[in-house]
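Asker: Structure below; questions to follow.
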Amino acid sequence: MDEPSTNVRGVDENDPLLRNHHGDKTANPDTDDTLGLDPNIVLPKRRWIVEPIVLFFCVSILSQSTVLSQYVYYRVGLQYNVSTGGNGSSRAFVCDPKSLLNSTEHQITSRIQNEASSWTLYRSIVQSVVALLVLPLYASTSDYLGRKPFLLLPTIGMMLDSAGLLVIVLFDLPLVGFVILGAVSSLGGGFGTLFASVFSYLADTTSRKWRPIRVALVEAMFGVAGTVMELLMGWWIKMMGYSIPLMFSASIAVVNFFYVVVLVPEVRLKRSAGGSLVSLPFTNIASLFTSSARLSVRLGLLLASLCIFCACFMGSSTLGSLYQMNYPFCLDSVFIGYLSAAKIVGFQIGATIGLVIFRKYLGVPTIGLIVMGLLSSTLGYLVTGLAQSVTMLFVTAVVSMFSMLAIPLFRAYMSQLSPADKQGALFSCVGVLELVGNLVGATAFTLLYKATLDWMPGFVYMVAAGVSTVALLLTSVAMGLDRCWPMNSCSLAVSRDADEGSSTDAPVGSINR
């Protein structure tokens with residue numbers, strides 16, 4: 001087990017890498033390579049600490065989500081005495097040519113689609129609502145109680161969720177169990193709390209220049225896990241059913257729990273804020289938005305854009321498998337895995353091109369790459385909605401290859417702008433709005449899909465393209481503010497509960513790691 005190094009109080013303040021409290025107030029966040037001299041930070045000896053947490057978590061959640069959508073579809077089909085591709089069946093009933101000519105069978109097909117999407121929606125709503133209640137408390141409080149406890153809670157929730165799903169599948173328990181289990185496991189904070197804690201951890205230990213790269217690498221862990229799991233899950237489900245993949249998911253969740261307990265050092269020392277733990281998270285968040293008009297306007301635009309983007313992304317992703325299993329694509333579990341893997345590989349190639357070529361060598365600013373990602377995503381929705389063949393679905397993977405630049409760079413850019421002692425507050429806001437976007441997107445797009453399924457299943461993706469355009473416009477406004485109302489021309493006071501020795505006129509991000 002690697003122990004953290006000594007506190008940075010003992011580090012030479014003249015070291016150029018740590019000369020940030022009194023650094024250049026006009027420093028460009030994309031070129032500022034300084035680390036904050038924060039006495040509450042304990043710099044770890046190892047660099048790569050949180051990336052394995054994300055990798056394990058994503059492997060676990062992706063393996064169970066792939067099984068869940070197809071298992072629910074299979075169980076609903078059994079209620080109508082219809083085989084829909086579970087446990088060895090290679091093609092779905094919805095694509096039987098005879099059923100398309102028979103009005104009664106076609107109605108049954110629509111009912112299966114509607115009920116399966118409804119169960120997925122119920123679980124998403126319950127998980128999102130519970131996570132919304134606990135995420136602000138967890139993420140913002142981590143600024144005072146440390147990061148590690150709030151890395152641990154989501155891993156516990158994932159263990160409970162994976163084990164519970166396995167029991168439901170093994171004993172064919174009622175589908176309502178998925179919904180109840182989602183509520184209980186979300187008390188750990190879920191995906192939102194884990195990512196908020198991970199990004200706060202990175203903000204504590206990275207400079208503003210390298211933070212977008214590290215945040216993108218964390219997102220890449222999701223891509224690596226997604227590619228492997230999507231390629232394997234289709235064959236795994238087809239050959240061995242649903243229970244074995246869920247056993248694997250539960251095992252990985254246990255490994256992740258012990259990794260956090262044993263190998264992850266705490267980097268932020270506990271400190272007192274002089275208030276109750278109930279009100280502390282909310283006052284911490286409020287102070288983030290009242291410290292500077294320039295900061296609050298930018299964060300407002302960027303957070304709104306992120307929320308809209310997440311709504312479109314989650315809404316379209318939730319329906320992906322159902323849309324692809326329906327006519328005219330008629331994909332089975334194996335081919336769905338191939339398509340999902342192709343998209344994820346495309347995302348990773350796009351992220352690499354964007355960060356290495358456009359940002360590093362061509363000097364495109366972080367917010368410019370965000371705009372590129374939003375534009376790519378919008379075009380991807382359009383192509384998906386208009387697609388009439390499997391080939392066009394694979395074309396979508398190329399068109400939308402820059403889409404995944406948006407989410408990590410939204411997070412990184414807002415972190416670059418925000419004070420060092422408010423990173424937990426920032427990422428609690430980010431996590432909450434991502435959850436709100438996910439909840440609204442999953443709900444609205446599922447209802448829209450059910451309403452338009454009979455006459456144009458792809459209409460939901462056309463709507464996603466239109467809504468995504470709004471996020472593109474808001475982000476473009478924020479990019480324009482960088483030119484006409486630059487952050488670097490002003491100073492941002494450090495929050496009142498910042499540590500002694502902090503400059504009261506430090507610029508935004510001047511004490512960022």
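Start at 1 and count along the chain as shown; that gives each residue its number.
Placed from the backbone N, Cα and C atoms, the Cβ positions cover glycine too.
What TrEMBL records for this protein is below:
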- 1-35: region 'Disordered' (REGION)
- 10-27: compositional bias 'Basic and acidic residues' (COMPBIAS)
- 53-73: transmembrane segment (TRANSMEM)
- 65-483: domain 'Major facilitator superfamily (MFS) profile' (DOMAIN)
- 120-138: transmembrane segment (TRANSMEM)
- 150-171: transmembrane segment (TRANSMEM)
- 177-203: transmembrane segment (TRANSMEM)
- 215-237: transmembrane segment (TRANSMEM)
- 243-264: transmembrane segment (TRANSMEM)
- 299-323: transmembrane segment (TRANSMEM)
- 335-357: transmembrane segment (TRANSMEM)
- 364-384: transmembrane segment (TRANSMEM)
- 390-413: transmembrane segment (TRANSMEM)
- 425-447: transmembrane segment (TRANSMEM)
- 459-481: transmembrane segment (TRANSMEM)
Asker: Within the same chain, where does the transmembrane segment (335-357) have neighbours whose Cβ lies under 8 angstroms from its own Cβ atoms, ignoring anything closer than 6 residues to its ends? I mean 6 or more beyond.
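Answerer: Hits for the transmembrane segment (335-357): 66, 212-213, 216, 219-220, 223-224, 226-227, 230-235, 320-321, 324-325, 364, 369, 372-373, 376, 390, 393-394, 396-398, 400-405, 408.
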Asker: Which of 120-138, 177-203, 215-237, 243-264 has the most Cβ pairs closer than 8 Å to the transmembrane segment (390-413)?
Answerer: 215-237
Asker: Assess whether the transmembrane segment (243-264) lies in contact with the transmembrane segment (53-73), where contact requires at least three Cβ pairs under 8 Å among residues 6 or more apart in sequence.
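Answerer: Touching, yes - the transmembrane segment (243-264) and the transmembrane segment (53-73) meet the threshold of 3 or more Cβ pairs under 8 Å.
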Asker: Pairs 6 or more apart in sequence, C-beta under 8 angstroms, 3 or more of them: is that satisfied by the transmembrane segment (215-237) and the transmembrane segment (177-203)?
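Answerer: Counting Cβ pairs under 8 Å (6 or more apart in sequence), the transmembrane segment (215-237) reaches the transmembrane segment (177-203), since there are 3 or more.
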Asker: With an 8 Å cut-off on Cβ pairs and a sequence gap of 6 or more, do the transmembrane segment (53-73) and the transmembrane segment (299-323) reach 3 or more such pairs?
Answerer: yes
Asker: Looking at the transmembrane segment (459-481) and the transmembrane segment (299-323), are there 3+ C-beta pairs under 8 A, with each pair at least 6 apart in sequence?
Answerer: yes
Asker: Which sequence positions outside the transmembrane segment (120-138), separated from its termini by at least 6 residues, show Cβ-Cβ distances below 8 Å to it?
Answerer: 68-69, 72, 150, 153, 178-179, 182-183, 185-193, 196-197, 281-282, 285, 318, 428-429, 431-432, 435-436, 438-439, 442-443, 446-447
Asker: Looking only at the domain 'Major facilitator superfamily (MFS) profile' (65-483), what is the model's average confidence as pLDDT?
Answerer: 86
